[in-house]
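**Student:** Taken from Swiss-Prot, the feature active site, nucleophile covers C380, and the record attributes it to sequence analysis. Look at Swiss-Prot and you will find H518, E520 tagged as active site, backed by sequence analysis. Taken from Swiss-Prot, the feature CTP binding site covers S13, D146, I147, E148, K186, T187, K188, P189, T190, Q191, K222, and the record attributes it to sequence analysis. Residues annotated as UTP binding site in Swiss-Prot, with sequence analysis given as evidence: S13, K186, T187, K188, P189, T190, Q191, K222. Swiss-Prot lists S14, L15, G16, K17, G18, I19, D71 with the feature ATP binding site. Taken from Swiss-Prot, the feature Mg(2+) binding site applies to D71, E139, supported by sequence analysis. Under the heading L-glutamine binding site, Swiss-Prot lists G353, Y381, G382, M383, Q384, E404, R471, citing sequence analysis as support. Positions annotated as domain 'Glutamine amidotransferase type-1' by Swiss-Prot: 292-545. Taken from Swiss-Prot, the feature region 'Amidoligase domain' covers 1-265, and the record attributes it to sequence analysis.
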Amino acid sequence: MTPLIFVTGGVVSSLGKGIAAASLASILEARGLKVTMMKLDPYINVDPGTMSPFQHGEVYVTDDGAETDLDLGHYERYVRTRLSRKNSVTTGRIYENVIRKERRGDYLGATVQVIPHITDEIRRCIDEATAGFDVALIEIGGTVGDIESLPFLEAIRQVRTERGAEKAMFMHLTLVPYIAAAGELKTKPTQHSVKELRSIGIQPDVLLCRSEQAVPDSERRKIALFTNVSERAVISCPDIDVLYGMPLELRRQGLDELVIDQFKLRDKVAAADLSEWEAVVDAVKHPLDEVTIAVVGKYVDHQDAYKSVAEALKHGGLRQRTKVNLTWLEAQDLEGSDMAALQGIDGILVPGGFGDRGFEGKVQTSKYAREHKVPYFGICYGMQAAVVDYARHVADLDAANSTENDRQSPHPVIGLITEWRTATGEVEKRDEKSDLGGTMRLGLQEQRLKPGTLAREVYGKDVVAERHRHRYEFNNRYRTQLEDAGLVICGKSMDDTLVEMVELPRDTHPWFLACQAHPEFLSTPRDGHPLFIGFVRAAREKKAGGKLLKEARA
């Protein structure tokens with residue numbers, strides 16, 4: 001039976017439960033334990049796939065094609081375990097499963113209720129996702145006191161009652177606000193948050209106290225007294241300059257020791273080796289170079305919509321001790337402009353998106369980068385914009401477009417994928433009338449790279465696998481025509497049916513590459529990703545006038 005650490009949040013949302021949980025997971029992993037993570041989200045959507053990026057932020061995609069909460073991105077950036085559909089569960093999915101069972105007659109005519117049927121299904125999902133691991137951390141979304149979270153909190157209360165403290169731990173993240181007028185930290189919100197938690201039968205074992213500054217020992221003692229938590233288990237989580245330094249901070253305060261002692265794992269663990277995290281923090285704090293990258297997107301007002309892209313760019317810089325400054329530009333604002341906003345930029349990245357709003361701005365951005373020899377990296381919709389630009393302005397295919405935006409285009413160089421083969425070999429089919437949710441080409445797919453291309457050089461191997469999330473694809477009817485016009489198709493699906501990656505010849509552009517997949521989902525601070533590392537290096541070379549004076553590695 002896998003020991004479980006349940007992470008809840010109190011007082012306010014957005015305190016960083018996911019980061020705190022992932023940081024602890026990374027420490028436990030560094031001590032030799034096999035660790036997994038899970039997110040329980042209280043919203044009624046089956047998954048975040050159809051939710052607005054402005055409201056929910058990024059949709060993170062796993063290897064098996066699950067569209068999940070962006071917190072799973074945090075988890076995979078901190079731990080080596082690759083997560084799946086099992087690791088992201090919503091209220092919508094739970095109710096969908098229960099209703100399906102009820103329709104099949106699995107409950108033998110019983111009245112289906114929140115307790116025990118909904119809570120039992122939650123517990124079943126937890127068991128399924130965590131089996132076979134030394135420790136599992138499970139984050140419960142929302143804030144204690146929300147009505148939506150109650151079934152999840154009741155389910156984890158039952159788990160603790162059944163398994164005992166040696167197999168289930170409660171960790172509560174709460175806010176300790178600093179009141180500037182009084183010049184002091186206030187512990188009352190934390191006391192009330194724990195009181196709320198205890199009223200539904202959950203006594204925290206550990207408190208993580210988020211604050212602007214370190215919580216002094218006197219306040220920690222006060223919190224311990226009023227919440228019935230050991231003073232040793234009241235952990236200060238102040239704001240820090242480098243988020244990837246959180247594992248080091250929690251290790252310094254002995255949070256992992258609390259877990260090991262409560263779960264009696266002493267004979268399974270080794271000394272914590274956090275040297276990789278120390279190297280990451282050192283690279284952030286002591287850069288040797290600096291570049292500015294423009295991200296031209298549709299949802300830049302809510303930058304969480306591009307969370308993995310922003311992190312992957314920073315990771316690409318970390319691997320060569322380079323600080324990456326991001327300039328966020330709204331694609332729609334660039335339509336019909338003189339593109340002055342892109343002057344002085346070292347590199348341009350155009351990320352994914354859906355719909356016609358801002359697409360012409362992305363096409364103009366691709367044209368600007370191509371003509372001005374600025375390093376260009378297109379992802380998903382960014383690749384489609386690059387293909388449309390090339391078709392219109394180089395291949396003389398006037399009014400070329402994607403059928404997503406213009407179904408009457410005389411040259412639909414981007415079209416709906418109607419059929420493709422999944423990673424498991426199954427054939428999937430779609431049409432214009434298919435549901436939006438869960439109907440895209442999703443998950444990890446292999447592709448073969450063309451020898452002698454920039455893509456092949458950057459990756460350093462012939463076959464690579466990337467995660468996908470898209471409904472439209474390069475139209476094969478235009479392959480030959482665009483290749484004859486000079487576009488290099490440098491990556492194709494293993495069955496040669498889908499164009500995965502395009503680039504410009506290096507004798508016409510120093511670094512212009514666009515991919516249909518989402519490589520940002522496989523980038524981590526400790527390893528980076530070949531495409532992002534190569535892109536940042538190209539930006540450094542542009543800034544240095546074509547030749548780097550000094551190579552730097554983290």
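Backbone N, Cα and C atoms are what each Cβ position is placed from, and that goes for glycine too.
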**Student:** Considering only the recorded positions T187, T190, G382, E520, which residue has the minimal Cα-Cα separation from G16 (ATP binding site)?
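**Tutor:** When the Cα distances are compared, T190 comes out closest.
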**Student:** Whole-number Å distance between the CA of S13 (CTP binding site) and the CA of E139 (Mg(2+) binding site)?
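**Tutor:** Counting only the Cα atoms, the answer is 13 Å.
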**Student:** Going by a 10 angstroms cut-off between Cβ atoms, which of the binding-site residues G16, G18 has the sparsest surroundings?
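**Tutor:** It is G16 that, of the binding-site residues G16, G18, has the fewest other Cβ atoms within 10 Å.
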**Student:** Whole-number answer please: how many Å between the C-alpha atoms of R471 (L-glutamine binding site) and C380 (active site, nucleophile)?
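**Tutor:** Their Cα atoms are separated by 10 Å.
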**Student:** Of all the recorded positions given, namely I147, Q191, G353, E520, which is spatially nearest to L15 (ATP binding site) at the Cα level?
**Tutor:** Q191
**Student:** Can you figure out which of G18, I19, K186, T190, H518 (the recorded positions) comes closest in space to G353 (L-glutamine binding site), comparing Cα atoms?
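**Tutor:** So, spelling it out, the nearest of the recorded positions is H518.
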**Student:** Whole-number Å distance between the CA of I147 (CTP binding site) and the CA of M383 (L-glutamine binding site)?
**Tutor:** 43
**Student:** Could you state the whole-number distance in Å separating the C-alpha atoms of Q384 (L-glutamine binding site) and I19 (ATP binding site)?
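**Tutor:** Computed Cα spacing between Q384 (L-glutamine binding site) and I19 (ATP binding site) is 33 Å.
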**Student:** To the nearest whole angstrom, state the Cα distance for the pair G18 (ATP binding site) and M383 (L-glutamine binding site).
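**Tutor:** Checking the Cα atoms of G18 (ATP binding site) and M383 (L-glutamine binding site) gives a distance of 31 Å.
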**Student:** What is the Cβ neighbour count of T187 (UTP binding site) at a 10 Å cut-off, with all protein chains included?
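**Tutor:** There are 22 of them.
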